C-alpha cells in the first residue's frame, strides 16, 4: 500500500442514514485531505450488529456519492476484519498487555464504572481489556484544540477491547484499521476527543504509528444536543445536495461568499478546495447558524 504524506478517512457506523452532523465530519475531513494534497477514504464501522440498520451502509455510500465525496481507496468494512482484530488481541494477551475479565457494569458501578482490578471471578462470558497501569497520563496536540491531557488510568481504567458478548470494541477496531490503512490524519467530531488518549495507549501497545488528530466542533440541535439519529436528526437529501453543502461550509467557519450559489456539485467542490482555510475552523460546539440555515432550506 502506498504511504502518502496525508491520508484521511471518514468512518460512519451503519446505524441509519447520514445527517447534517455526519456531513460536517465527512466534508471537513475531505476538505482537509484535499487542502494537504492528500488522499481520503471511507471505512464502514459495522462491528456492532445489534445497532446496525439493514441497508444503511449502502445508503450512506450512495449519499456520499451524491454529495461528490468519493473514496480514493476501496471502501473497508470492519465486519470483514475479524482476523486482524483477533491477531491484535492474541498479541496483547501473549505479552500480558491485555487480560480476560468477567466484570459486568453492575460489578463496577461502585467504582464509577472504572476498572482497575477484577472484582468478579472469571466466568463463561469474558471480555478482553487493555491493561492500563497507574499514572498513565497521555497528552497530544490536537490540530484545532491544542494540548489535550488525560490520565487514562484515573479517568477510564482498563479499556475494553473485546466485549463479553464477543463483539469487537470500537477502540480496538479503529486503532487496528487506522494502522492497517496507513491513516496519517484522523479528523472527526469532538465527541471522540476523550477517546484519543486510550487509542494512543493501544497504539503504543501494538507498536503502530500515531496519526495526527483534529476534532471538529459538533453541530447541536435546538435543545443543545448533538445532532444524531437517536435525537431525530433528519436524513440528508440525496436529490438536492447543494443546500446542505453550503450549510456545512458555513458550519466549518468558511466564508459563505466563496462558493457559487448555483453550480454543479463538482464545481462547488472544486471551489471549496480552492478557497478552504483550516485557520477558519471553529473550536466551539454550538447551535450554529449553519444548522439553522440548513433547516430553513429544508422547510
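We count from 1, first residue shown onward.
Every residue, even glycine, has its Cβ placed from backbone N, Cα and C.
Checking the candidates 34, 62, 162, 188 against Swiss-Prot: the one annotated together with 9, 10, 11, 12, 13, 45, 170 at the L-glutamate site is 188. Listed binding-site residues: 10, 170; maximum Cβ neighbour count within 10 Å falls on 10. Taking the mean position of the Cβ atoms of 9, 10, 11, 12, 13, 45, 170, 188 as the L-glutamate site, the remaining residues of that chain whose Cβ falls within 8 Å of it are 43, 44, 174. Taking only the Cα positions, the spacing between residue 45 (L-glutamate binding site) and residue 118 (Zn(2+) binding site) is 29 angstrom.
Annotated Zn(2+) site 101, 103, 118; additional same-chain residues within 8 Å of its Cβ mean position, judged by their own Cβ, are 100, 102, 107, 115, 117, 119, 120, 122, 127, 129, 158.
Contacts of residue 13 (L-glutamate binding site) defined by a Cβ separation under 8 A and a same-chain sequence distance of 6+ are given as 44, 45, 46, 48, 51, 52, in order along the sequence.
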